[in-house]
Amino acid sequence: MWNCFIIVLSLFCITAHSQTEDKSVIIIGSGLSGYAAARRLIENGFTDIKILEALDRTGGRIYSVPFSDGFVDLGAQWCHGQTGNIIYEMTSPHFAFGSTPFETVDPYFRFSDGSLPEQDIYVKLYGEGYKIIHSIDRVTTPNVPFGDLFMQKFNAVLATTTYQNINPEVVKYVKAELVKNVMGFFGANSWNDISPKVNNEEEKAGGDQHCTWKKQGFQTFINYLTKKSPNPSENLNIDAKVILNKKVTNIQYNKDDAAGQVTVNCADGTSYTATHVIVTPSLGYLKAHYKTLFTPALSGPKAVEIESRGVGNLGKFFMKFATPFWVLDNEPFLGIEGMWLDADKQAAIADGREWLLGIVAVYGVESFPDLLEVFLAGDYVGTFENTDTEKVIADITWWLEKFAPYMKPVPRPLAVARTKWMTHEFFLGSYSYPSMAEEQNNVRTSDLAAPIINIDEKPILLFAGEATDSKFPSMAHGAVNSGFRAATEIIEYYQA
Ligand SMILES: Cc1cc2nc3c(=O)[nH]c(=O)nc-3n(C[C@H](O)[C@H](O)[C@H](O)COP(=O)(O)OP(=O)(O)OC[C@H]3O[C@@H](n4cnc5c(N)ncnc54)[C@H](O)[C@@H]3O)c2cc1C
């Protein structure tokens, strides 16, 4: 009986100690993962939460800016998928998404001298390529880069009777378009840096892959995440926990100190302490700073994953015009996939317009009949970011008039909104992708996600952000899931 009492008392003490323990959390970064972590913690009774954000705004790679008669997204633009996508699932009961029908709309090919290739054969071969791209999503073969695997399968298609007499020029140009699109999708700078095997281990939400936020922008979701919407009386007031302009320069932790606090030092000389710190800066930022951001420095598989996983580059800009001069005879505008003839490519480089080589395509924008969107991928994104807006306007005018002479004279846009992610000190890239280095070094997003625990098994340093999600890395919904996961790791410690 006495023994039983002691056991019950000690169990009570452990739980009571845990419940009354100092439970403070610092979240570094106010992107989706940081906000998701804050929401889950608040809903589980945590009150001492600070979100330190280096920028003078919240949202990170969710960046909806006022443009035309609504908002356009300089960061994440589409909700990719419906079933299994936490963003769609949380939002769709309250919000009617739009859709960009990329998957069903034929690409519209044009050469850089303004001539139109025979669309049918281009579209047909491009469709074959896209089927291969989708089939590679499900490949488990080790040690074969995406591009090599693609070419093995593409060459097999070209050897069939349908294509054996095809003009090699058609193959050359269609292949160039497919490479650009793969780079655009993964944000990778080379398709041979992408690992199909690692990619296969990731998942894809089902349903429409291009749900849009119509004129309201991706910021709409943050209102649901923070519970400002649909019922403002349930607002969790997460914004009030954010301290802007707080660039974190060092995080000091001690695994051997059972009761220890983690100290977070900022560039402005201030410092904060907490029992748990959730780290969410982008993989691009971690690659550049992980050796000095943590004391002691990160090591082992976590450091190898930071080095190994890929970070790519995407850019885009929106142009507002008085009239949609790109629409011809009331036909739907299918966008332009521009194919460079070698001489024009050399001329663009010689004329200092080389950033134009990074253009993947030019599209109309769903819900905005007055906008054109230019989408870029790869290394040229950096050149684009370093080109001033006047020159960007002059160069894109040149591009449109060359590839689509029917648009001549292209009017001056009334306004331009443009991205800067690759050269932005707090992002240093667009999003992460499955790389050959990850496959070769046998590391995965889960290695970056693993919390650092102290001798008391307390998770003192936790990692969230899209590049830590094992199901949907790179995506906005992966970022949300990662924030929920990191918060749950803290919550479960106190429930154990
Ligand atoms: C151009 C582009 C297009 C995209 N399109 C889509 C899309 O259509 N659909 C989709 O699902 N996803 C898309 N994504 C990906 C999506 O935006 C991201 O996966 C997601 O927003 C990442 O959220 P996060 O919380 O992981 O990181 P972030 O949003 O990067 O948040 C991290 C935060 O940490 C802050 N920070 C960094 N360093 C420090 C420091 N030292 N101290 C303090 N704070 C710091 C940053 O300022 C930032 O606010 C796109 C991304 C880009 C760039």
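Just so you know, glycine gets a Cβ as well, placed from its N, Cα and C.
Site annotation (TrEMBL): FAD is bound by Ser33, Glu53, Ala54, and the candidate from Val198, Val248, Val262 recorded at this site is Val248. The Cβ of Phe375 (substrate binding site) lies under 8 Å from the Cβ of Gly184, Leu314, Gly315, Lys316, Ile359, Val360, Ala361, Val362, Tyr363, each of which sits 6+ residues away along the same chain. Taking a Cβ cut-off of under 6 Å from any atom of ligand 1, the binding-site residues Glu53, Val248, Phe375 reduce to Glu53, Val248. Look at Ser33 (FAD binding site): DSSP puts it in a helix. For Ser33 (FAD binding site), the same-chain residues 6+ apart in sequence whose C-beta sits under 8 angstroms from its C-beta are Thr280, Ala464, Gly465, Glu466, Thr468, Ala479, Val480, Ser482, Gly483, Ala486. Counted within 10 Å of its Cβ, the other Cβ atoms near Glu53 (FAD binding site) come to 24, all protein chains included. Sequence-distant contacts of Val248 (FAD binding site), defined by Cβ-Cβ distance under 8 angstroms and a gap of at least six in the same chain, are Ile28, Leu52, Ala54, Val264, Asn265, Cys266, Ala267, Leu293.
The FAD site is defined by Ser33, Glu53, Ala54, Val248, and by the 8 Å test on Cβ atoms against their centroid, the other residues of the chain that qualify are Ile27, Ile28, Gly29, Ser30, Gly31, Gly34, Ile51, Leu52, Leu55, Gly60, Lys246, Thr280, Pro281, Phe426.
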